Amino acid sequence: MNVTPEVKSRGMKFAEEQLLKHGWTQGKGLGRKENGITQALRVTLKQDTHGVGHDPAKEFTNHWWNELFNKTAANLVVETGQDGVQIRSLSKETTRYNHPKPNLLYQKFVKMATLTSGGEKPNKDLESCSDDDNQGSKSPKILTDEMLLQACEGRTAHKAARLGITMKAKLARLEAQEQAFLARLKGQDPGAPQLQSESKPPKKKKKKRRQKEEEEATASERNDADEKHPEHAEQNIRKSKKKKRRHQEGKVSDEREGTTKGNEKEDAAGTSGLGELNSREQTNQSLRKGKKKKRWHHEEEKMGVLEEGGKGKEAAGSVRTEEVESRAYADPCSRRKKRQQQEEEDLNLEDRGEETVLGGGTREAESRACSDGRSRKSKKKRQQHQEEEDILDVRDEKDGGAREAESRAHTGSSSRGKRKRQQHPKKERAGVSTVQKAKKKQKKRD
């Protein structure tokens with residue numbers, strides 16, 4: 001038969017190695033006399049419903065009849081006498097111990113006396129017990145310090161005193177403190193000098209007391225004055241309320257200023273470049289608005305002059321209209337040139353502003369956002385300028401065609417010239433209406 005070797009766990013191997021180091025060999029028991037266990041304890045899993053310590057094989061190993069026979073045989077005693085052999089069984093009473101049951105009457109209460117018609121009869125047992133207790137419970141003697149020193153042969157807990165180092169000064173100081181304390185309790189002045197053990201009250205408490213006293217004094221004075229003059233009392237109440245409000249507002253403003261100052265210090269370096277650009281943009285916008293207003297005024301004045309010329313006399317008006325038409329024909333060219341120059345200047349200013357932001361600005365994200373907004377605005381403005389220029393170009397072309405037709409027909413007949421002169425102010429009025437519409441659109445966009 002092949003015996004399978006035992007599979008040892010890591011813990012068992014480690015324990016065997018430690019025991020082998022100390023001279024243990026397999027088969028020996030543990031302990032100094034080597035009479036201990038020879039095999040290691042092993043943990044077994046409990047996979048049944050029986051209690052701890054239950055032996056399921058006890059039914060087959062327990063021979064109860066054998067035990068019963070042995071017990072009865074042990075109780076039998078065989079005695080041999082003159083009469084013969086006698087068998088006697090031991091009584092059960094001898095094997096038991098007599099334990100008297102406690103009296104459950106008056107378990108937690110003590111019977112002091114019994115009531116009768118004649119009176120109370122005290123319990124004698126209790127009296128005897130109380131006498132014994134009084135005799136036995138004598139108060140022990142209280143030893144004095146001198147008696148303790150004699151009993152301990154002059155030895156104390158202070159070991160240095162054995163060498164002659166005593167604490168006479170400290171003991172004297174403690175005695176003086178005790179005497180002063182006792183005198184203070186009795187209300188007498190101590191004869192011995194007191195140590196300055198009590199700490200002086202702090203100055204803060206004194207200040208608070210003074211402030212409270214002053215406030216109470218002022219309050220009492222106000223009450224007296226209020227009783228005498230109730231009108232002044234109402235005024236004082238209003239003033240005090242106003243002062244409180246101002247004080248609270250001042251606190252709130254100080255807190256806000258503190259927070260804003262901290263934020264301003266942090267953002268000062270980054271917003272310096274942006275502030276300069278904003279100021280420049282504002283100045284540029286104001287200049288542009290002024291220039292636009294001047295242009296519109298000039299155009300309205302010129303259109304009004306043309307209308308007045310058409311309404312005047314026909315003979316003198318023919319010469320004036322030709323002069324005005326020649327001027328108006330020259331004006332669009334000059335206007336275009338001026339607008340182109342202004343747009344170029346605006347673009348140059350915007351390019352410079354963007355360069356300064358990119359060069360000196362500390363916060364790139366903010367500068368980019370600002371530049372994007374400006375580029376959008378500039379694009380919108382350019383589109384508006386282009387639309388206005390297109391409108392003016394159309395007008396100028398119409399005016400130019402009308403002028404050529406008028407110049408050709410002026411030599412032919414005066415009637416044709418009159419009709420054209422009557423039609424010309426209508427066209428001018430239509431141009432004025434378109435200009436006004438463009439103005440309204442710009443205002444709505446702004």
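One-based numbering along the chain as shown.
Backbone N, Cα and C atoms are what each Cβ position is placed from, and that goes for glycine too.
Noted from Swiss-Prot: of Thr38, Thr61, Thr116, the annotation phosphothreonine belongs to Thr116. Helix, strand and coil counts under DSSP for the compositional bias 'Basic residues' (437-446) come to 9 helix, 0 strand, 1 coil. Around the Cβ of Lys46 (SUMO2 cross-link), 7 further Cβ atoms fall within 10 Å across all displayed protein chains. DSSP places the residues of the compositional bias 'Basic residues' (238-248) in helix, strand and coil in these numbers: 11 helix, 0 strand, 0 coil.
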